[in-house]
Amino acid sequence: MTAKSRILVLNGPNLNLLGLREPTHYGSQTLEQIVATLRDQAQKADIELEHLQSNREYELIEAIHQAFGKVDFIIINPAAFTHTSVALRDALLGVAIPFIEVHLSNVHAREPFRHHSYLSDKAQGVICGLGAQGYEFALSAAIRALQAKQ
């Protein structure tokens, strides 16, 4: 019997406010609704899905470190840490778990300081501007990548 593949979904600062915060940029769905949809999608594919949202950079880094040897793929919306966190980049590189970077809004159509990501050049893929559906696309891509490895 093969062990289930595990995918970790990480969400950075202020994403706990989804549904309330700037719905024109981020949509009206709450993070809980987005994660529930992802859990259903993962369950149908026989994938174990874990989720963490944190406003604290170190908690996201610790989750990445703890994922080493236990998680097969990471989906991360680093939110504002996208543009500032060399530490998140180093953590992801350190564990060498493939990851997809997700953003609800099109960061390239927003303020110039949002255009740079410390993660994009190391990600397997980047999805931005597709709202909550971007997470579903990322999960589908991660599942396909894991199935291709088997």
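Every residue, even glycine, has its Cβ placed from backbone N, Cα and C.
Annotated features in Swiss-Prot:
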SITE      Arg21  site 'Transition state stabilizer'
ACT_SITE  Tyr26  active site, proton acceptor
BINDING   Asn77, His83, Asp90, Leu104, Ser105, Arg114  substrate binding site
ACT_SITE  His103  active site, proton donor
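The number of other CB atoms found within 10 A of the CB of Asn77 (substrate binding site), across every protein chain shown, is 24. Of all the recorded positions listed here (Arg21, His83, His103), the one with the fewest other CB atoms within 10 A of its own CB is Arg21. Comparing local CB density within 10 A for the binding-site residues Asp90, Ser105, the maximum falls on Ser105. Taking every protein chain shown into account, Tyr26, Leu104 are the recorded positions, and of these the Cβ with the most other Cβ atoms within 10 Å belongs to Leu104. Among the recorded positions Arg21, Tyr26, Asn77, Asp90, the ones whose Cα sits within 10 Å of the Cα of His103 (active site, proton donor) are Tyr26, Asn77. For the pair the residue listed as 'active site, proton acceptor' and His83 (substrate binding site), the Cα-Cα distance reads 17 Å. Per Cα geometry, Leu104 is the residue among the binding-site residues Asn77, His83, Asp90, Leu104 nearest to Arg21 (site 'Transition state stabilizer').
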